[in-house]
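*Asks:* Please find one structure pasted underneath; my questions will follow.
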Amino acid sequence: MNISMRKISAIFILRLHLILKNLSLLMAPLMAIGYVIAFKNFFPSNLPSLRALTLNMGIILNITMGGIMFGSYPIAEEKEHHTLRVLMTSSVNATEYFIGSLLPSLLILTLVSIILVPLSGTSWQQVSIINYLVITIICTIISILVGFTVGIFSHNQTSAGVLSLLPTVIFTFIPMFKGFNKTISTISDFLYSGVIAKFINQSLLKHRFTWNLFDVGVLIVWLIIFSIVLIYAYRYKHFD
């Protein structure tokens with residue numbers, strides 16, 4: 001399969017414009033920023049536990065809710081307006097379409113994730129920027145893949161919102177509340193978004209995050225799972 005950078009670039013620019021003009025799509029990253037600012041102002045404490053909670057919630061909201069919305073809503077909108085099938089039967093192939101659609105979402109959400117660190121009052125000396133970028137970028141890609149799958153199975157933006165509700169709740173709220181219950185904490189450890197919470201907690205509370213095979217495996221397994229699910233969904237819906 002030949003991949004054209006020109007076509008990917010064209011889809012990238014088109015999707016970037018669509019995202020930036022769609023306020024409902026931008027709600028998740030804006031909510032994450034607003035939450036961090038509000039929480040920091042309402043509870044002006046330098047306690048590491050409070051900063052960890054604030055940063056955790058902001059990042060997880062941005063990556064999971066934002067990633068799933070950024071992936072699902074545009075595809076659902078294109079299906080609703082009958083433009084997706086036109087794209088899929090034109091000279092644009094599936095790989096070009098999904099890469100061109102993924103990159104602008106990844107760019108915006110990664111920039112927001114970077115902004116959230118200083119907004120929460122956290123120093124980059126406390127958080128390894130390399131580990132932070134690796135984890136947040138991988139988790140953002142996984143969330144966007146979830147969104148792509150939801151979008152393919154959705155008939156319109158309304159159904160996309162309904163179908164994305166369950167994965168959004170699971171991947172967003174379980175890691176957020178892992179500190180309140182041992183069972184929830186155990187489940188969170190097996191979620192890709194749980195790796196984010198573990199990284200932030202260890203960086204701010206224990207002042208050190210160390211990679212281990214379990215966390216690497218969790219990220220790789222979820223990335224593979226949703227890549228396979230997306231391929232199946234694409235072929236099942238017969239867009240080729």
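Glycine is no exception: its Cβ is also placed from the backbone N, Cα and C atoms.
Pulled these from TrEMBL:
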TRANSMEM  12-37  transmembrane segment
TRANSMEM  57-76  transmembrane segment
DOMAIN    58-231  domain 'ABC-2 type transporter transmembrane'
TRANSMEM  97-117  transmembrane segment
TRANSMEM  129-153  transmembrane segment
TRANSMEM  160-177  transmembrane segment
TRANSMEM  213-234  transmembrane segment
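Help me picture where these features are in the structure shown.
*Replies:* Long-range contacts of the transmembrane segment (12-37) within the same chain, counting only residues at least 6 positions beyond its ends with a Cβ under 8 Å from a Cβ of the stretch, are 54-55, 57-59, 61-62, 65-66, 69-70, 73-74, 100-101, 103-105, 107-109, 112, 115-116, 119-120.
Away from its own ends, the transmembrane segment (57-76) comes close to residues 15, 18-19, 22, 24-25, 27-29, 31-33, 35-36, 39, 84, 101-102, 105, 108-109, 112-113, 116, 119-120, 136, 139-152, 154-157, 159-161, 163-164, 167-168, 171-172, 175-176, 193, 196-197, 200 of its chain (Cβ-Cβ under 8 Å, at least six residues beyond either end).
Long-range contacts of the transmembrane segment (160-177) within the same chain, counting only residues at least 6 positions beyond its ends with a Cβ under 8 Å from a Cβ of the stretch, are 56-57, 60-61, 64-65, 68-69, 72-73, 75-76, 143, 146-147, 150-151, 153-154, 184, 187-188, 191-194, 196-197.
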*Asks:* When you scan the chain for residues with a C-beta under 8 Å from the transmembrane segment (213-234), skipping those not six or more beyond its ends, what do you find?
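*Replies:* The answer is 94, 98, 135, 138-139, 141-142, 145-146, 148-149, 152-153, 189-192, 194-195, 198, 240.
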